[in-house]
Amino acid sequence: MSSASNTTTISPVGAPNRRNTELALLLFAVAIPLLAYANVGLAKHGSVPAGMLGYGLGMGGFALVAHLVVRKFAPYADPLMLPIATLLNGLGLVLIYRLDQEPSVTTPALGGPRAPGQLLWSGLAVLLFIAVIVFLKDHRILNRYTYISGAAALLLLIAPMFFPAVNGSRLWIVIPGVGSIQPGEFAKIVLAVFFSGYLMVKRDALALASRRFMGMYLPRGRDLGPILVIWAVSMGILIVETDLGSTLLYFGLFVVMLYVATERTSWIVFGLLLAGGGATVVGMTSSHVKVRINEWLDPMQGVAQGLASEAAQVRWSFGSGGVLGTGLGQGYSRLIGGIGVKSDYILATVGEELGLAGVMAVLLLYGLLVERGMRTALAARDPFGKLLAVGLSSAMAIQVFVVAGGVTGLIPLTGMTMPFLAQGGSSVVANWALVAILLRISDTARRPAPAPAPSPDSEPTQVVRL
Amino acid sequence: MSELTLTVMRLGFLAVLWLFVIVAVQVIRSDLFGTKVTQRAGRRAEAPARAAPQQQRQQAAPAQPRQRRGGPTKLVVSQGSLTGTTVALQGQTITLGRAHDSTIVLDDDFASSRHARIYPDRDGQWIVEDLGSTNGTYLERARLTTPTPIPLGAPIRIGKTVIELRK
């Protein structure tokens with residue numbers, strides 16, 4: 001008689017500890033921006049830029065410290081997030097340095113050279129990343145601060161209203177002599193925490209207490225309250241701060257998380273209807289938004305008079321790059337007017353100098369980062385962690401969509417920063433913190449489950465001598 | 001700087017950038033975790049040495065009846081999340097339930113942790129017995145109350161899972 005039972009078993013498999021993979025990828029991710037840096041120097045000045053070794057060692061040092069901290073405090077974390085974030089940040093620094101070499105976009109009025117400042121902010125951001133990994137032992141601690149986060153998010157969103165508008169949008173808190181910070185970047189993290197905590201408690205009420213009408217689940221009136229409040233707040237931001245991008249980000253984040261928490265398609269339909277209706281009304285009334293929409297619908301309208309809109313210039317930039325690009329340092333993105341060439345329109349420089357191939361690679365890197373976040377959400381064992389991972393990664397996905405969609409002409413151009421790539425201190429700090437929280441969740445999710453306690457009846461019966 | 005160097009650097013940089021993307025995707029490919037499906041039969045055939053303790057255990061079990069001619073030789077899961085799973089019937093008791101030490105671990109919300117067992121009696125006739133489950137075990141349409149012999153091909157329903165004995 002054969003001894004084997006011919007059975008198929010399905011057993012849980014823990015994720016392996018992938019820290020060495022992370023280290024190898026991280027070295028790769030530090031080498032690529034250095035290559036780009038050398039390329040810019042060779043193209044612009046005919047020589048490898050001075051300080052190349054110093055910058056390389058500095059960047060490698062920061063990456064190594066971040067890696068060692070992850071190795072010590074989050075040993076099971078995802079191996080891809082840190083290298084991808086490092087690569088994008090390094091590429092962003094090189095692109096800003098490259099644009100600093102153009103005198104016409106580095107005038108004192110535009111803030112002079114931006115790369116040193118961005119380097120400083122990146123260093124601070126990595127320090128914050130390390131602090132989050134070290135001090136946030138468990139992401140579930142954030143669950144205790146659900147309503148505090150809600151209040152903080154509201155405060156962060158409202159605060160810029162009391163400061164003067166910069167370039168037509170009230171997005172900044174300006175502290176004279178120190179600089180300006182963009183609280184909206186931090187608001188997306190705090191909002192994701194609030195939504196996760198709120199929806200974790202309310203998901204059943206939102207999903208189950210509904211009436212069926214024409215094949216859709218209609219939520220009860222009182223359950224609609226929160227979504228209407230969030231909608232009103234984001235429309236308020238759109239009207240008062242005249243920023244279309246943030247509105248899309250916050251409202252989109254809320255609809256995505258609501259859908260993930262309740263599995264009800266009707267929320268997406270409602271969300272799209274509300275957002276579409278609101279945007280149409282505001283687009284017809286607000287002059288700032290109206291200009292953007294007109295530029296989007298007809299970017300070439302002023303060209304005949306010699307007044308090409310920024311939207312048109314950005315598209316020319318992409319066009320002149322072609323498939324393989326003109327090469328780093330050899331494009332003409334300095335010709336894009338306005339102030340956004342190093343921040344909002346940095347993807348146009350990627351498009352011109354690295355071509356379609358480069359833009360696709362960069363977008364794929366964002367895609368991989370978001371995918372790792374979603375994978376973390378799937379693997380997370382607690383509902384709060386699941387929702388938070390979905391929220392953080394979809395916030396990043398929506399932000400990339402809004403920026404990339406804006407510069408490529410899919411949606412109206414809005415003032416938002418490309419995460420990690422674009423010049424902007426608040427943005428780079430907030431996004432490193434976001435990646436740190438995702439890493440913390442993925443460490444908890446991938447950590448092997450503790451061995452189950454032995455069941456009492458599996459122990460052999462023993463004779464106990466008294 | 002010569003045109004050639006810059007062209008080589010431009011294309012080389014794109015190649016390196018894409019190499020990173022490809023390596024990252026390869027890392028994801030090798031990073032699978034979650035649940036693993038193991039075909040035990042193949043592994044045992046390669047390692048006959050492992051059969052020894054198994055045999056000892058079976059000999060220790062009481063009253064191993066000979067297999068009857070014309071009787072069922074395998075148990076097949078025909079519905080539910082484990083559809084397609086087969087277990088060879090070789091005189092051993094098969095336990096079904098959500099408990100991790102069951103022969104067939106049911107991933108089914110309606111199953112109890114120790115739901116039912118299937119065993120051969122002294123004549124080699126296969127019997128199904130409900131182990132006091134919450135939602136019951138059904139043979140054809142009837143809920144089991146006592147250990148019952150299983151006709152060939154009769155569906156045994158546990159929650160959303162249906163199993164049957166086949167030749």
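Cβ atoms are placed via backbone N, Cα and C, with glycine included.
Quick look at what TrEMBL lists:
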REGION    A:446-466  region 'Disordered'
TRANSMEM  A:23-40  transmembrane segment
TRANSMEM  A:52-70  transmembrane segment
TRANSMEM  A:82-99  transmembrane segment
TRANSMEM  A:119-136  transmembrane segment
TRANSMEM  A:145-166  transmembrane segment
TRANSMEM  A:186-201  transmembrane segment
TRANSMEM  A:222-240  transmembrane segment
TRANSMEM  A:246-262  transmembrane segment
TRANSMEM  A:269-289  transmembrane segment
TRANSMEM  A:345-366  transmembrane segment
TRANSMEM  A:387-414  transmembrane segment
TRANSMEM  A:420-439  transmembrane segment
Sequence-remote partners of the transmembrane segment (A:387-414) [C-beta within less than 8 Å, at least six residues beyond its ends]: 139, 142, 188-189, 191-193, 195-196, 199-200, 243-245, 248-249, 252-253, 256-257, 260-261, 289, 292-293, 295-296, 299, 310-311, 314-315, 318, 344-345, 347-348, 351, 363, 366, 369-370, 372-374, 376-377, 380, 422, 431, 434, 437-438, 441-442, 445
Non-local residues, at least 6 beyond the ends, that sit with Cβ under 8 Å of the transmembrane segment (A:145-166): 172-174, 180, 183-184, 186-187, 190-191, 193-194, 196-198, 233, 237, 240-242, 246, 250
Long-range environment of the transmembrane segment (A:345-366) - Cβ separation under 8 angstroms, sequence gap at least 6: 84, 87-88, 91-92, 95-96, 98-99, 310, 313-314, 317-318, 320-333, 336, 338, 396-397, 400, 403-404, 407-408, 418-419, 421-423
